């Protein structure tokens, strides 16, 4: 058995987003809504999308092959591969099995893991499963890859501008620069019909928008409470020498130097960060930090607090400076690409890595909040214990975002229609152009009369 691993975490990370996007300000005009509804009200700038040439198999194949290539990873060195997605093409065959095409040529078929599904939470569950594997007697000494990706698409209406598409692949192993703090996380899971996909004939979800925001907010509260409780337990077990809140910090929230959130919209992220500060206020209303907070807010019922505009406005104001320093660097991809469902929170981490220099990042703690409707959620954290320079260089984020083709809303609408027509089709050839697809990207060429899908890779 391999020696027990230390400092397990993220050793490398790759992000893929389609080469085309639509401008949200143009979409506002096209949809006939007031200026700023999407750009200010939702906090969204652009939205990634794909036509019928790309699907979840092609997205994950592109992302994992790119991770292997950019970091010169030997496919034989991977002992586990797990995928988190809610974009299902098959009710039986996993996306992970499709990815085995990248490992079979070298003879590596001894790779554990399949898919894990629960709305936008699947990637986090895949990560937790992988950490558990690496800490267990089942670990054989090899690294693992966790994949999180989705195509987020809504029918015409209010929710359509909150779509997006993208995929993240992470190399997980010991002695990582981004170390997941062991044993330190809090989760909240409950039964809720806030967003679900019970209509298997449609690619579109059934959504109760306001209820889903309420569920997300409750999950923020409960995960923070559970994380704090777990931290206290670990601290007491370590005789007060671990995971404590520094006396110099104004509030418990300050123990996170940065935070990443699952980002259905960037506006919800800013509200949720402020909500954590509200939780700190309830725990210690006499703290000097909260001296301007109206006294009556501490006596609100829990239900009322979730939708109370005074609570929201007061704590967004109080959190504004902290948000700019600690969360703003993480929302570059969410605002420029939209919601990637399972990949969303890890795209936030990609943004953070790309926007904070490796030198400034050292020793910092990052809080990560993951949410999936239905619902499952967790708050966990990582510590930066090594250089992130190579990751930043390989991501080349800003240049890649800038290189995308921005299309008119009319074109985006056509692409959505193409996807709608392609859904559940067999004996089918995609209609989308391959000219817009970038080199080294997988794309769909054919679906035969037994629904078997065939792909090609765009050549350099």
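If you go along the chain as it appears here, the first residue is 1 and each next one adds 1.
Just so it is clear, glycine is given a Cβ too, placed from its N, Cα and C backbone atoms.
As recorded in Swiss-Prot, the features of this protein are as follows:
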BINDING   35, 120, 158, 162, 212, 262, 271, 339, 373  (3S)-3-hydroxy-3-methylglutaryl-CoA binding site
ACT_SITE  86  active site, proton donor/acceptor
ACT_SITE  120  active site, acyl-thioester intermediate
ACT_SITE  262  active site, proton donor/acceptor
Between residue 373 ((3S)-3-hydroxy-3-methylglutaryl-CoA binding site) and residue 120 (active site, acyl-thioester intermediate), the C-alpha gap once rounded to whole angstrom: 7
Cβ-Cβ distance under 8 Å to residue 262 (active site, proton donor/acceptor), same chain, at least six residues away: 120, 344, 345, 348, 369, 370, 371, 372
Residue 86 (active site, proton donor/acceptor) and residue 212 ((3S)-3-hydroxy-3-methylglutaryl-CoA binding site), distance between Cα atoms, whole Å: 17
Other CB atoms within 10 A, centred on residue 373 ((3S)-3-hydroxy-3-methylglutaryl-CoA binding site): 27
DSSP-derived class (H/G/I helix, E/B strand, else coil) of residue 86 (active site, proton donor/acceptor): coil
Nearest-integer angstrom distance between the alpha carbons (Cα) of residue 86 (active site, proton donor/acceptor) and residue 271 ((3S)-3-hydroxy-3-methylglutaryl-CoA binding site): 25
Sparsest-packed of the listed recorded positions (120, 158, 212, 271) - C-beta count within 10 angstroms: 158
Chain-internal residues near residue 35 ((3S)-3-hydroxy-3-methylglutaryl-CoA binding site), provided their CB is under 8 angstroms and they sit 6+ positions away: 25, 28, 29
Recorded (3S)-3-hydroxy-3-methylglutaryl-CoA site residues 35, 120, 158, 162, 212, 262, 271, 339, 373, farthest C-alpha pair in Å: 29
Three-state secondary structure, which DSSP defines for residue 120 (active site, acyl-thioester intermediate): strand
Mapped DSSP class for residue 262 (active site, proton donor/acceptor), helix or strand or coil: coil
Around the Cβ of residue 86 (active site, proton donor/acceptor), the count of other Cβ atoms that are within 10 Å: 26
